[in-house]
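According to Swiss-Prot, the feature site 'Transition state stabilizer' maps to Arg92. Among the features that Swiss-Prot reports, active site, proton acceptor is placed at His96, with the record citing sequence analysis. As annotated by Swiss-Prot, heme b binding site applies to His264.
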Amino acid sequence: MAGKCPMGFGTTNPMVRNGGTSNKDWWPNQLNLKILSQHSNKVNPLGSDFDYAKEFSKLDYDALKADLTALMTDSQDWWPADYGHYGPLFIRMAWHSAGTYRTGDGRGGASTGSQRLAPLNSWPDNANLDKARRLLWPIKQKYGNKISWADLMILAGNVALESMGLKTFGFSGGRVDVWEPEEDIYWGKEAQWLATSDKENSRYSGDRDLENPLAAVQMGLIYVNPEGPDGVPDPIKSGIDIRETFARMAMDDEETVALTAGGHTFGKCHGAGDAANVGAEPEAEGLVAQGLGWLSKFLSGKGDDTITSGIEGSWTANPTRWDNEYFDILLSYDWELTKSPAGAWQWIPKNPKEEHLAPAAHDKTKKVTTIMTTADMAMKMDPIYAKISKRFHENPQEFADAFARAWFKLTHRDLGPKSKYIGPEIPKEDLIWQDPIPPINYEIIDEKDIEILKEKLLSSSLGVSKLVSLAWASASTYRDSDKRGGANGARIALEPQRSWESNSYLNLDESLKILETIKGEFNSSNSNKKVSLADLIVLGGCAAVEKAAKDAGFNIKVPFTAGRADATQEQTHVESFSHLEPIADGFRNYSKAKYTLSTEELLIDKAQLLSLTIPEMIVLVGGMRVLGANYANSDLGVFTSNVGVLSNDFFVNLLDMKTAWYPTTQEEDSFVGKDRQSGSMKYSASRVDLLFGSNSQLRAVSEVYAQEDSKEKFVQDFINAWTKVMNLDRFDIKK
């Protein structure tokens with residue numbers, strides 16, 4: 001009989017395991033503000049002073065790679081290596097770590113090591129990758145904090161490829177581990193693993209239109225269903241799914257074929273028996289499993305008896321050797337549909353040659369047929385993929401180079417610009433998807449120059465509001481998810497940003513001409529000292545904020561660090577950058593259209609992508625309003641009579657009980673504030689504006705900034721948050 005808890009609970013505090021009724025249960029539409037406070041130092045055992053790049057520089061990189069190479073063929077009884085080589089397992093681990101990335105919001109990917117944590121550690125498509133990470137643990141234990149899990153998983157994939165004969169394109173470290181699940185990532189609404197598109201809360205609508213920003217076709221899959229759409233073995237329709245999914249992961253058709261064929265050159269699928277024999281995923285397993293899952297009761301449960309995807313067999317006859325055999329086999333045979341021992345759809349060649357039979361993974365004396373998945377068959381039957389497959393088949397070196405480059409892109413897409421790269425194997429070549437910025441080959445401006453330029457900027461016709469708006473529009477394109485965007489490069493002057501609707505009110509042709517004139521005059525009067533447009537845009541915003549603070553009575557210098565450079569149109573991939581276009585920006589009261597998500601939800605999402613805390617988000621909104629930095633100079637939320645002065649008027653007037661608020665539209669997306677006594681109109685507001693007086697948590701912080709003793713605090717906090725946003729992409733000064 002269980003003893004009574006001395007604290008008065010039945011057996012434990014129900015809230016420890018979400019057993020009690022929570023705020024979310026009472027108010028299911030409540031905003032999730034926790035995404036603005038995740039990954040705090042309270043969960044990080046390494047502390048706020050830990051400098052990963054500094055630790056990585058102490059790493060004996062060659063020794064680590066040697067240890068990883070040795071591990072590849074050091075088969076363990078508790079999870080024996082297929083064909084005596086763990087390489088294919090580590091490739092799958094690295095691939096699935098990186099493969100969650102999607103271009104829509106830049107989230108997912110390899111850069112945080114989140115495969116260690118829920119939900120990814122328990123996704124059906126990640127079955128048995130827990131074993132791969134356990135195999136790596138002795139090496140992680142040995143090298144400690146000098147190598148993150150995020151970097152180690154990708155490096156293990158690279159070493160695996162090299163150990164099996166592929167010349168890789170390169171590797172960069174710099175991925176920093178997180179220590180709790182990433183709750184900001186939307187994986188879909190389905191409440192069932194691998195739910196098909198006909199089920200409730202499907203990610204598909206219309207004629208198989210995939211919901212944005214999702215890339216995977218089913219909940220719990222990394223890419224597509226290997227058996228075919230919704231498990232239907234149709235290679236042509238599978239090709240359609242593949243093209244959409246890989247495009248949303250920033251891959252074109254050639255990269256898609258290279259990755260599919262290159263990845264499937266190695267290893268095998270596992271479906272030795274009925275999946276009903278497989279136990280629960282790691283998060284659902286008991287204590288004695290110690291974080292492992294998918295423990296199988298089918299015969300030995302490992303080796304040739306392993307059950308993972310349900311598909312059974314290898315693609316090639318030499319699954320631990322880099323070669324062109326994938327195409328040899330795929331393109332040389334007619335294929336027939338069959339089912340694996342686990343009941344999964346797969347394809348086998350008709351009358352295969354002896355040389356195209358594979359050894360059993362744990363018995364070299366036994367020969368088995370090779371297989372293809374429905375997704376593989378798309379590489380042969382989709383007309384576009386088929387042409388690429390044929391070309392790669394005829395040109396093995398081109399294929400090897402294409403795969404090496406695509407693999408590097410896959411595993412580094414969310415790492416950010418090259419200024420963030422660390423380690424001895426960084427490729428010298430600049431790649432367009434890295435959003436390259438030219439190196440600075442001139443002397444940058446000093447403090448004296450900065451003061452001169454600030455005077456010129458403030459005396460121009462742009463004014464405080466326009467200077468602030470230009471700097472914000474440039475810098476706030478940054479996404480901390482994949483470290484893209486930001487002010488460096490001055491891409492606001494280039495396509496596609498120059499033509500974005502969110503920038504239309506800035507009159508960029510005229511505004512940039514003024515800045516270019518200031519830039520040209522300064523540069524022509526100095527021999528080797530120059531100012532970039534990128535620096536000038538940010539400096540203009542900083543100068544305007546500084547003036548606005550002074551006009552509010554506070555003589556506080558706004559920090560500015562020069563060193564940005566100007567990118568060219570040739571260095572800017574227009575289609576790729578289109579994903580950074582804001583559909584809404586609550587900091588400017590901008591929304592491109594009406595969406596199923598509310599404007600306040602979109603604000604929280606934007607703030608999270610800018611890596612802002614709740615106080616930083618609040619102080620920036622309040623400051624931007626009084627600075628007159630709204631989209632199209634709208635008066636929504638401008639609760640002040642002194643526009644351009646950095647005061648706390650937004651909070652003072654929002655929280656003033658003399659004002660009553662009324663919706664002006666049936667949708668309640670705009671409001672007017674009227675004097676409670678006279679009924680006269682005082683202000684107009686958006687949903688975002690009223691959020692800071694409506695939401696209890698946000699109101700609590702807003703009250704701090706509305707206090708009489710917080711005027712200077714508001715200014716200082718705004719400047720700190722502003723400076724943070726201006727420098728979000730300055731990895732060159734963060735190392």
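Quick reminder: no glycine exception, Cβ is built from N, Cα and C everywhere.
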The rounded CA-CA distance in Å from His96 (active site, proton acceptor) to the residue listed as 'heme b binding site' is 14
C-beta crowding around Arg92 (site 'Transition state stabilizer'), within 10 angstroms: 23
Expressed to the nearest Å, what is the distance separating Arg92 (site 'Transition state stabilizer') and the residue listed as 'heme b binding site' at their Cα atoms? 10
Within 10 Å of the Cβ of the residue listed as 'heme b binding site', how many other Cβ atoms are there? 24
